Every structure is written in C-alpha cells, then in structure tokens.
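**Q** Relevant sequence annotations retrieved from TrEMBL are reproduced here:
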- Cys131: active site, proton acceptor (ACT_SITE)
- Asp200: active site, proton donor (ACT_SITE)
- Arg23, Gly24, Ala25, Ala26, Arg66, Asn210, Lys211, Lys236: substrate binding site (BINDING)
Amino acid sequence: MTAHEPTASVRDTAEAIATMEIRGAATIAGAAAEALAAQARGIDPDSPEAFCASLRAAARTLHETRPTAVSLPNALRYVLQRMDGRDVETLRRNVVDAVEEFVDQLDRAQTDLGRVGANRLADGDTVMTHCHSTDALACIEAAVEQGKSISAVVKETRPRNQGHITAEQLRDAGVPVTLIVDSAARRYLDTVDHVVVGADSIAADGGVINKVGTSGLAVNARERGVPIMTAAQTIKLHPETLTGHTVEIEMRSESEVIDEDAREAIGDISVENPAFDVTPPRYMDAIVTEHGQFPPESIVTLMRELFGEGAAEPWAEP
Ligand SMILES: O=P(O)(O)OC[C@H]1O[C@H](OP(=O)(O)O)[C@H](O)[C@@H]1O
C-alpha cells in the first residue's frame, strides 16, 4: 500500500455503502466520517502533504459509492475542512476530533428535529411511512416519548423492503404497525392523519429527493388532504443546487427488481431501477430540521446561511 491508497477500513466501508449493508443517508454520513478517522489513525506518512493527500484519496473512494445522498459529501467536506496543522500528529488529531464532533452533531440534530416533528403529531394519530428513515423515526419516537399514542401504516417499499426495518423499529418503540404493499398506499391514506418521510437530499428550490415512490405518495396525500412532512437534518441540504446543479438519481441493478429465473422466462425486456425520485415543493407541507420546520420553498434561506453560495468538492484543496 502506498501512502495515498485508502486503508482496508475505508475500502470496507465504501463496499458496505455501495452494497447497502450500510444505508440511510444519516448512517452513511456517520460511517463515512468514521472511515476517515480510521484512515487518519491507520497511516504513517512521511510528510503533512502525504497525510492530506491520503485523506483526500480516502474521501474520493467513499464518495464514489452512491451518488444521491448529499449527507455523504457533506460529511466528507465537514471533516476535510478541519484537516489543519503543520505536522502529521496535529493533522491526525484534528481529523479525529472533527469526526467525533461530526458524529455528535449528527446524533444531536436527529434528537432535536425529532422533537420538532413530534410537535406536528397529535395524540391518537396514525402515521404512514415510506422506506426507512432514522430522521422520520426520530419524530414518531419523540411523539411517543411525549406520551402520545401513535399508530403506523408502514409501506414495504419495494424493491429492497426497507419498510420491514421501519416496522420492526416502530414495533420496538411500542407503536402498533400495519404493514402494506406499496400499491395499497392510496387506499390506506383515508385511514391516516399524517405522512412522515425522510430525505436523501433537499434541493435549493425545496424539492425533496427521497426513496422512489415518495413523490407519488405526496401527490396522493395532497389529493386526500393528508399532511406530509419530510424529516431531514441539515446535512441533507444539497449545497451544489444553490448554483444550478441537479441531484443525480441513483440507478441500481435490475437484479433488485426481478430474479434471474423470472428474467430469463420473460426474455427480451428492459428493467429499470431508480432508487430515488423528486417531490416538488408544492406537494410537501413541511421540512422538519434541527433548526425548526420550514415550508419547502423557504429552505433556500437556511441553505445559504449554512453553506454560503455553494460548496467545493470535499477533497478540494483550500
Ligand atoms: O438519514 P435517514 O433519515 O436515516 O434516511 C434517509 C433516507 O435514506 C434512505 O435511502 P437508502 O435506503 O439508503 O437508499 C431512504 O430514502 C431514507 O428516506
């Protein structure tokens, strides 16, 4: 291994993110930051420049895994911007400290936004969920902690069925759960009081990029008069959209949609598997963050406050 190559720990984390063994925007961010700390601890470069080059290379490897959740580059940027010092030991300490600080903030932000989201829920409410979002769950769990009785209708969320994880975690929190197939969502909207989803990225115009199926759910919720909120800590804000960039939607393998036997039996068709979609701001009632709730159209104000006019690549040299 040359000094610039990622350590095994970075390669393992990158592999786990790409295969979705580690998944969910906030969890990916925490894992990527921890991998940078492991890289900082695990190398013995002969100069401060070599240390920095090695951390930047690790950041690139981690970034190349999945394209949509901006929490990943935001995490890398947070840590690398604090990579400061004239000697290797100082640089190492600063990176490790920045990672600890980042992970603390991640946990605190989720707790804080959970309380905000919980205030939107009333005692006796039934909520509908899509996919598995730790930010969305934080809102429901905080409502339960406030003493509210909450029930949930959980969409299974094909093709990877992350709804099963949501169902299990809500059951553990004492929330009665009804699991439904995705196509039953509109029927069950008549029985719910609120839809709560997470986000992988939020664009400057207030568009919410989340697990595919969110936009259809939001349109149906609006048609049924059911309020829908996105729970998203501010590391989900996508700074590059401030300067006109769009968010890349990850296309995943067709093997998640159809197994080999069925594929062979059907023959010559094409299969597509986009992992995310964009919900236009007009179909979302609120974005709930650790800084309070925002109408989607006003999220750009918070974005400018936190990121200025945009952001460079995480590995850009200062
Ligand atoms: O950060 P938290 O709220 O945990 O998750 C946010 C989002 O990340 C997930 O993506 P995937 O399952 O990694 O494709 C879902 O789309 C979920 O809403």
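Placed from the backbone N, Cα and C atoms, the Cβ positions cover glycine too.
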**Q** Give me the sequence-ordered set of same-chain residues, not including Arg23, Gly24, Ala25, Ala26, Arg66, Asn210, Lys211, Lys236, with a C-beta within 8 angstroms of the centroid of the substrate site's C-beta atoms.
**A** Thr27, Ile28, Thr68, Ala69, Ser71, Ser133, Gly198, Ala199, Asp200
**Q** Of Gly24, Arg66, Lys236, the binding-site residues listed, which put a C-beta under 6 Å from ligand 1? Please answer none if none do.
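**A** Cβ under 6 Å from ligand 1: Gly24.
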**Q** Taking just the CA atoms, what is the gap between Asp200 (active site, proton donor) and Asn210 (substrate binding site) in Å?
**A** 5
**Q** Considering the binding-site residues Arg23, Arg66, Lys211, Lys236, which residue's Cβ sits among the greatest number of other Cβ atoms within 10 Å?
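**A** Of the binding-site residues Arg23, Arg66, Lys211, Lys236, the highest Cβ count within 10 Å belongs to Lys236.
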**Q** Would you identify the secondary structure of Lys211 (substrate binding site) according to DSSP, in three states?
**A** strand
**Q** Max Cα distance spanning Arg23, Gly24, Ala25, Ala26, Arg66, Asn210, Lys211, Lys236 (substrate binders), Å?
**A** 14
**Q** If you count other CB atoms within 10 A of each CB, which of Gly24, Ala25, Ala26, Cys131, Asn210 wins among these recorded positions?
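**A** That would be Asn210, with the highest Cβ count within 10 Å.
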